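Okay, so here's the structure we're looking at.
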């Protein structure tokens, strides 16, 4: 019966494609059309094909020829489609007497449809025709060929034969089964007693096996309890490790933030320190340049002084001559009056008039010379103003160049800071990636341990079930042995049929028990193997956990090292702050020390100028009115603030120059003289006044020297000194140095007053506490840089 049921299942796949109008024979060399229908059970594909196979094919490769199945147009899934293929005649087989059939093959190589067999035969003479009545009792005659009729009969007989053969085979199978059952039951009857003995022996063995299984079960329970406890411990360890990793990560993030802040502060402090150093160097250079320019200007002013002194001496000489001539004229007028009173001689009057005319011509010539000299003096002043303006423009250009240089330095610093920031970002990214990797590994280990724990629980349940089943089987086996004895006693009086039925009932429990024992033993073996595998995996996981703990310890050590590095950088930053504070203090002290000599010089200038004017005014008998304002410095103090700085960046404005005080005119010719001099104090610094010059100012000589006598007689309000020279003065010890003294040696002398640390070369001001300085030096030896208590 099974063969009849399997046939439609096997042929069901071949009905997905149905071939229509298949003839029994075709001509060998003629074109052949193949009509087929695609059912909803198949989905067409462009790589599907239809082949001509010999009957008896085994695989899809046994085709004779094939054509690709075209994809139907406007195809809708779940619908039936009719298709046509045309095979060319020269691809078809010859008349060989073999049977062929069409087969539809998918792109996967599956055959989903097959046609009825057919042959390729050449045309033959007209066969004999036969007439036969219709089977439907319709009183109609059907004309067929003899061969067709014979084929129909053969097909019917073949079908009947196949059905009969199938029935015979089924009956033979049934008889064979019945005979086998009879023989088996007879054999079972003969061997039943022997089996009872064997079962009793097996029962004893099973009792021993159950005891051993109980012992093994207890051992497995102990192992399971140990494994569960270890799993709990491992889970707790994993939780603690994860908490520690999270804490370390938070600490690492906070340390990174602190490190970034410290680096940022350090960079800011370094930038400030560099800018202050650059400003200090610029100020030094500016001071050197100003000193050089001052020396040049002093030399130029000295030359101008000499020129002015010569011109003024000539002017005073001419003024004295004019005064003498006026006195002579007055005397002559008096004489003329007296002479006119005494004598009225015309000749004398003509002579006197002619002398008067000559004297007036001389006076006019002297006036013209005075005007010419005044013009020359004004030209010299204009040239000096132009040189000052050129100097101012040069200084402005120099400042522009300095600003450009500062901008370039700032850009370089910014680029360096960006590079450092990129390096720190990459390092932080790598550390974060490593921490994430550690987290993933810990999570995977925790999941693996959970799975192992669940498997252990499952195995424990299976062991409990097996122990319960073994106990139940023992009880059932004892009951069945008693029933077996009763059945054996009753089977003697029964017929063979009933005995056969009882035999069928009795041996089934024993076979089931034996099978169950075998299954239980196999399960126990499998469980032991699984437990061994689990223990191995557990040991491996334990080893992995130890490795992860070691890695965590390594990362903790690295974090500790990072903390130490960060602390060292913080110490360095604090040292930099201290150095910067000390540099600022030193800068302020230098500023004060440089301002104090400037104030002293200004006080000396203010104290000297009134004395000079006083001496000149006392000699003439009248008091001069002087302004109390301080003189405007030509280049200003570079270390002073912008508001209190004298002068505007070295610019020299002629309109702001303090003019000399106006004297009471001694005669009318002085109003026409054009003379402008700056109100700068060209006297020497404190303590450098020449004693001979002061004596000459106090003691007026009695010799009738016309130029000098006229200068001291009228007083111009200037204290010119041709022997003036600039000296260098130490701002700390006030030691004087000649003007041509080397600048580097002068700076070395000034720096020698400072206290220098022999370890770090850090400078301290001269008034710095000696104990604090010694404590700073000792900090380099006890490895505590920040110990300034």
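For all residues, glycine too, the Cβ spot is worked out from N, Cα and C.
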Report which of 499, 593, 683 appears in Swiss-Prot with the annotation phosphoserine.
593
Quickly, which of 123, 138, 229, 676 does Swiss-Prot have down as phosphoserine? Just give the residue.
138
Select, from 212, 225, 467, 491, the one residue given the annotation phosphoserine by Swiss-Prot.
225
Between 313, 344, 666, which does Swiss-Prot record as phosphoserine?
666
With the ranges 285-312, 425-452, 481-508, 509-536 to choose from, which does Swiss-Prot describe as region 'Disordered'?
481-508
Could you tell me which of these binding-site residues, 749, 753, has the fewest other Cβ atoms within 10 Å of its Cβ?
753
Show, in sequence order, which residues other than 730, 733, 749, 753 on the same chain lie with their Cβ within 8 Å of the centre of the Cβ atoms of the Zn(2+) 1 site.
731, 732, 735, 750, 752
Neighbouring C-beta atoms (10 Å sphere around the C-beta of residue 733 (Zn(2+) 1 binding site)):
11
If you run the three-state DSSP split on residue 733 (Zn(2+) 1 binding site), which class comes out?
coil
Give me the Cα-Cα distance between residue 753 (Zn(2+) 1 binding site) and residue 225 (phosphoserine), rounded to a whole Å.
83
How would DSSP class residue 753 (Zn(2+) 1 binding site) in three states?
coil
